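Notes to accompany the following structure.
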Amino acid sequence: MPVPEGSGFGVHNLPYGVFSQRGELPRVGVAIGEQVLDLAELASSGLLADRRWFAAGSLNAFMAAGRAVWQPTRDRVITLLTDMSYRDEVEPALYPMSDVELHMPFEVADYVDFYSSREHATNLGRILRPGGEPLLPNWTRLPVGYHGRAGTVVPSGTPIVRPRGQRKGEPEPVFGPTAKLDVEAEVGFVIGVPSALGRPVSTGAFRDHVFGFVLVNDWSARDIQAWEYQPLGPFLAKSFATSVSPWVVPVDALGAARVRPPEQDPEPLPYLRCDEPWGLDLTLRIELNGQVVSRPPFAGMYWTAPQQLAHATANGAALRTGDLMASGTVSGPRREQRGSLIELTWNGTEPLELPDGTKRVFLEDGDTVRVTATAPSPDVDPIGFGDVIGTVYPSPA
Ligand SMILES: O=C(O)/C=C/C(=O)CC(=O)CC(=O)O
Ligand SMILES: [Ca+2]
Ligand SMILES: [Mg+2]
């Protein structure tokens, strides 16, 4: 199978998505090189086991089937793509990615966003709560998070309409289009197998429930946020749109990316302890109008995905297929590793000079933001997630 170098979609990746050709129904596919492999078609011709999972407009049914199905499906797809004897049957099920439309890959059940980068949390604390301790005392004890709005999670490419809202003004608050539209580059994991109400899920059960990872851009209106968030946290400043990548990278594709996460001091309570190394050596990249503004390193995240999962279910809250749990903004210790414009421009006080000479503090109408990421694979070609793209449109008059 020809896989062009740098596509991010070699045979060690095989991420799942939902695609359609003009005039046809959306169905499940796998990215390979610059092509999409149609799993519904392979199932129709008897090359894959169960058509119901793949002749569907979302990954949810397949995600709910669990590891006992995910693993043999992945093995089978690898065989179909690498064993020359299947070539004549497989080739008709391959479409150039440029000819298909990519859709929202899964139906989002609940959406949770964490706050797990120490660097991001420290920067935001300094900016929003100057004079106080940047990290509140709970931050090193538990993965802080909030519930977002599942219905406004959108696939890459969806236009982002500048939100309106209430912000602080003197002497009275004002209502209007945000003047501080921002991005947050994040990595999310997606629940496949549900859990029962009242039964916490341990860190060790992560692989039994989690289907894969996506890239996330948690668009944020900083002026609305700064006014509304105390004491209950983000609400309308973040619920207008959250973009995700079109491809869900299976947990099994990230084996070579796994690293030991940063030391945790103080040691977390027993329910948050995790024996396996679940740091992930992904490097994110944020482009603004085609120019790289940051390269946030995911390996430095303080709280890991299994710890977030264990915390989110510690009270017995049930998991549902399609739950999306995002990491929180990924920021590294260096300036050029910050995952949001509020950090990169220090709340607009230090404009960002782009390579083409333009300057930005926050996003302007017409700006396009693209978030990508790569992870090591056993091959020369790294693991990719595709793009998370969004262009800003003006608020309606
Ligand atoms: O420090 C705060 O008050 C809030 C910070 C955030 O923007 C919340 C958020 O979305 C979490 C994150 O992405 O890390
Ligand atoms: Ca966020
Ligand atoms: Mg959001």
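A Cβ is built for glycine as well, from the same backbone N, Cα and C atoms used for every other residue.
Predicted automatically and left uncurated, TrEMBL annotations should be read as such.
Annotated in TrEMBL:
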type	residues	note
ACT_SITE	His120	active site, proton acceptor
BINDING	Asp113, Glu184, Glu186, Asp218	Ca(2+) binding site
BINDING	Tyr115, Arg129, Gln225, Tyr229, Thr329	substrate binding site
BINDING	Asp218, Lys238, Thr242	Mg(2+) binding site
DOMAIN	12-105	domain 'Fumarylacetoacetase N-terminal'
DOMAIN	113-391	domain 'Fumarylacetoacetase-like C-terminal'
REGION	155-174	region 'Disordered'
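Put simply, Lys238 is the one of the recorded positions Asp113, His120, Glu186, Lys238, Thr242 whose Cα lies nearest to the Cα of Gln225 (substrate binding site). Taken residue by residue with DSSP, Glu186 (Ca(2+) binding site) is part of a strand. Long-range contacts of the region 'Disordered' (155-174) within the same chain, counting only residues at least 6 positions beyond its ends with a Cβ under 8 Å from a Cβ of the stretch, are 102-105, 181, 219, 221, 223-224, 226-228, 236-237, 240-241, 243-246, 365, 386-396. Cα proximity to Asp218 (Ca(2+) binding site) (within 10 Å) is found for the following recorded positions from Tyr115, His120, Arg129, Tyr229, Thr329: Thr329. Of all residue pairs in Tyr115, Arg129, Gln225, Tyr229, Thr329, the annotated binders of substrate, the farthest apart have Cα atoms separated by 18 Å. In sequence order, Tyr111, Asp113, Gly148, Arg149, Thr152, Val153, Val154, Val216, Asn217, Asp218, Trp219, Ala326 are the residues near Thr242 (Mg(2+) binding site), counting only same-chain partners six or more apart with C-beta under 8 A. It is 11 Å from the Cα atom of Tyr229 (substrate binding site) to that of Lys238 (Mg(2+) binding site).
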